[in-house]
Amino acid sequence: MSARGPAIGIDLGTTYSCVGVFQHGKVEIIANDQGNRTTPSYVAFTDTERLIGDAAKNQVAMNPTNTIFDAKRLIGRKFEDATVQSDMKHWPFRVVSEGGKPKVQVEYKGEIKTFFPEEISSMVLTKMKEIAEAYLGGKVQSAVITVPAYFNDSQRQATKDAGTITGLNVLRIINEPTAAAIAYGLDKKGCAGGEKNVLIFDLGGGTFDVSILTIEDGIFEVKSTAGDTHLGGEDFDNRMVSHLAEEFKRKHKKDIAPNKRAVRRLRTACERAKRTLSSSTQASIEIDSLYEGVDFYTSITRARFEELNADLFRVTLEPVEKALRDAKLDKGQIQEIVLVGGSTRIPKIQKLLQDFFNGKELNKSINPDEAVAYGAAVQAAILIGDKSENVQDLLLLDVTPLSLGIETAGGVMTPLIKRNTTIPTKQTQTFTTYSDNQSSVLVQVYEGERAMTKDNNLLGKFDLTGIPPAPRGVPQIEVTFDIDANGILNVTAADKSTGKENKITITNDKGRLSKDDIDRMVQEAERYKSEDEANRDRVAAKNAVESYTYNIKQTVEDEKLRGKISDQDKNKILDKCQEVINWLDRNQMAEKDEYEHKQKELERVCNPIISKLYQGGPGGGGGSGSSGGPTIEEVD
């Protein structure tokens with residue numbers, strides 16, 4: 001373990017997140033305060049507080065417009081992005097545009113607030129960091145965070161920014177399937193030598209990734225990635241929700257669609273039923289007073305669930321075929337198939353995949369929800385220099401998910417780095433001018449697989465000026481693409497004759513947060529955190545005075561004290577207790593020191609009487625009883 005303390009691995013998921021740490025030679029997946037090993041990627045804002053994780057998800061039915069989830073679908077994207085526009089139709093919360101970037105709008109403590117997706121993700125990361133710190137009993141500073149293989153540069157950078165806002169040193173951003181492969185590589189360390197082709201099938205709550213890797217002598221190489229950024233467990237839930245909403249309409253002639261709360265309660269029940277159907281062939285759904293006082297009791301069979309999702313289940317095989325084509329492999333050449341993501345527990349999906357690979361056994365040895373965090377934790381240990389023999393021989397090669405290149409004459413895409421190239425990588429190519437005496441060139445950087453740049457995604461552009469006048473085709477302009485281990489791209493253009501150069505780090509043009517933005521968000525995150533803590537302290541003080549009051553009340557009303565305490569003293573205490581109880585009812589939102597003051601007031605009345613009662617006890621003031629009889633203590 002490094003002197004800086006352990007580094008953690010965080011699987012920042014679309015719907016759920018998970019955190020692990022590598023220590024004592026093995027990975028521990030860390031449970032949260034609710035005992036769950038995965039935590040919902042949800043943040044909720046109320047009139048009084050901010051909630052993250054289970055607490056946020058549990059109250060979503062009551063507070064749908066101020067409960068944010070799916071931040072991963074917004075991060076690193078433009079507001080105008082077609083996927084953002086289509087996703088917005090399905091979200092109960094508002095998304096607004098600020099300078100072309102999406103922000104979520106909520107009401108928090110009675111005020112309208114807006115947050116960038118990076119800020120919401122940083123709140124989820126803060127929760128994961130706190131879960132780890134509670135388990136490890138100390139501060140955590142460094143982490144490896146995972147992203148889908150599909151994430152482009154700006155999405156990776158924005159995820160890294162979210163980690164920075166949290167106050168984490170992000171050691172590296174790695175692909176989720178690569179992380180799962182690391183977990184798998186450790187689990188299967190003892191296999192026979194030789195190269196091994198592994199297919200990773202990752203079907204989570206919100207994204208679907210298929211990756212093919214080769215593993216040889218502890219070296220992982222990603223051969224291909226494919227998938228669908230918009231397929232997962234939630235889509236299966238939606239099918240069930242629509243089906244049951246129709247059933248409700250048929251039975252009760254009522255349409256629940258306009259009622260957000262009813263739909264949300266139905267969705268929660270569907271999610272539970274779906275999980276049940278992975279182990280049972282039937283699940284019952286019982287929702288009291290779903291809509292306009294009508295109860296909804298029904299059941300759904302596994303067969304019906306499979307039928308509702310038949311097309312979605314089948315479509316999961318297309319990326320498998322594409323990944324095989326890209327890796328230039330036949331399905332018979334895949335030695336191992338690894339399941340990742342909660343949705344791979346669905347028996348029908350396992351069967352389709354197994355049949356596709358002619359009955360080959362699937363690897364389910366790793367808990368599918370935890371495999372990614374597991375691998376990230378191992379990678380974090382390697383990066384901070386863990387010398388454990390379990391991780392020593394591991395080397396990690398990642399790839400670019402899309403080809404990267406520049407636009408040349410006529411709008412043609414000229415790739416410098418082909419997709420699925422192992423990173424880090426550096427490629428240089430020489431270009432020239434298109435017209436005589438051209439004094440500047442515009443370098444436009446694109447990612448994508450299409451022949452024309454108009455069909456690809458513009459990452460950024462810059463001008464190289466000051467080229468000496470010359471006939472077309474004479475100047476030599478050297479363009480270099482350099483991708484680091486995090487998949488972040490630097491593009492440089494240099495005029496060979498003058499040595500003049502210009503460069504761009506591909507982030508700015510795509511709405512990357514500025515350093516000032518990040519600093520501001522770090523401060524805000526600190527402020528929200530201290531507000532949350534202040535609220536916790538306030539509630540603790542309220543609970544303390546409440547339980548103290550009721551304890552005292554109970555003590556003096558106890559039959560055993562009959563005759564030991566005068567009626568006058570007894571009434572004095574009971575009157576004061578009642579006064580405090582009435583005050584508490586009226587002041588649910590008082591400040592911490594007001595509650596503490598009330599408790600001291602009550603102690604001043606009670607302590608002298610109580611210590612008189614148990615002779616030999618200390619005189620008033622401290623709130624502690626003596627050794628005889630029941631002790632009454634201040635509640636911390």
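Residue numbering: from 1, along the chain as shown.
Note that Cβ sites are derived from N, Cα and C of the backbone, with glycine treated the same way.
The ATP binding site annotation in Swiss-Prot covers 13-16, Lys72, 205-207, 271-278, 342-345. For 616-628, the entry in Swiss-Prot reads compositional bias 'Gly residues'. Swiss-Prot lists Ser403 with the feature phosphoserine, giving similarity to another entry as the kind of evidence. Summarising the annotation, Swiss-Prot assigns phosphothreonine to Thr408, Thr414. Per Swiss-Prot, N6,N6,N6-trimethyllysine is recorded for Lys564, and the stated evidence type is similarity to another entry. Summarising the annotation, Swiss-Prot assigns region 'Nucleotide-binding domain (NBD)' to 2-389 and lists similarity to another entry as the type of evidence. Per Swiss-Prot, the feature region 'Substrate-binding domain (SBD)' maps to 397-512. Positions annotated as region 'Disordered' by Swiss-Prot: 613-636.
Overlay of Swiss-Prot feature records on the structure.
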residue: Gly13; record: ATP binding site; Cβ neighbours (10 Å): 27
residue: Tyr16; record: ATP binding site; Cβ neighbours (10 Å): 25
residue: Gly206; record: ATP binding site; Cβ neighbours (10 Å): 24
residue: Arg272; record: ATP binding site; Cβ neighbours (10 Å): 13
residue: Arg275; record: ATP binding site; Cβ neighbours (10 Å): 15
residue: Ser278; record: ATP binding site; Cβ neighbours (10 Å): 18
residue: Ser403; record: phosphoserine; Cβ neighbours (10 Å): 19
residue: Thr408; record: phosphothreonine; Cβ neighbours (10 Å): 14
residue: Thr414; record: phosphothreonine; Cβ neighbours (10 Å): 14
residue: Lys564; record: N6,N6,N6-trimethyllysine; Cβ neighbours (10 Å): 14
- Query: Nearest to Arg272 (ATP binding site) by Cα distance: which of the modified residues Ser403, Thr408, Thr414 is it?
  - Reply: Ser403
- Note on the structure: Mapped onto three states, the DSSP assignment of Ser278 (ATP binding site) reads coil
- Note on the structure: Same-chain residues at least 6 positions away from Thr344 (ATP binding site) with a Cβ under 8 Å from its Cβ, in sequence order, are Phe201, Asp202, Leu203, Gln350, Lys364, Pro368
- Item | When distances run from the Cα of Thr408 (phosphothreonine) to each of the recorded positions Gly13, Arg275, Lys564, the nearest one | Gly13
- Please spell out the DSSP helix, strand and coil residue counts for the region 'Substrate-binding domain (SBD)' (397-512). 6 helix, 58 strand, 52 coil
- Message: Whole-number answer please: how many Å between the C-alpha atoms of Gly206 (ATP binding site) and Ser403 (phosphoserine)?
- Response: 24
- Message: I need the CA-to-CA distance for Ser403 (phosphoserine) versus Tyr16 (ATP binding site), whole Å please.
- Response: 30
- How big is the Cα-to-Cα gap, in Å, between the residue listed as 'N6,N6,N6-trimethyllysine' and Tyr16 (ATP binding site)? 58
- Task: Rounded to the nearest Å, what's the C-alpha distance separating Arg275 (ATP binding site) and Thr414 (phosphothreonine)? Just drop the number here, would you?
- Result: 47
- Please state whether DSSP places Tyr16 (ATP binding site) in a helix, a strand or coil. strand
- Message: Suppose you look only at the region 'Substrate-binding domain (SBD)' (397-512); what would the mean pLDDT be?
- Response: 82
- Integer Å distance between the CA atoms belonging to Thr414 (phosphothreonine) and Ser278 (ATP binding site): 47
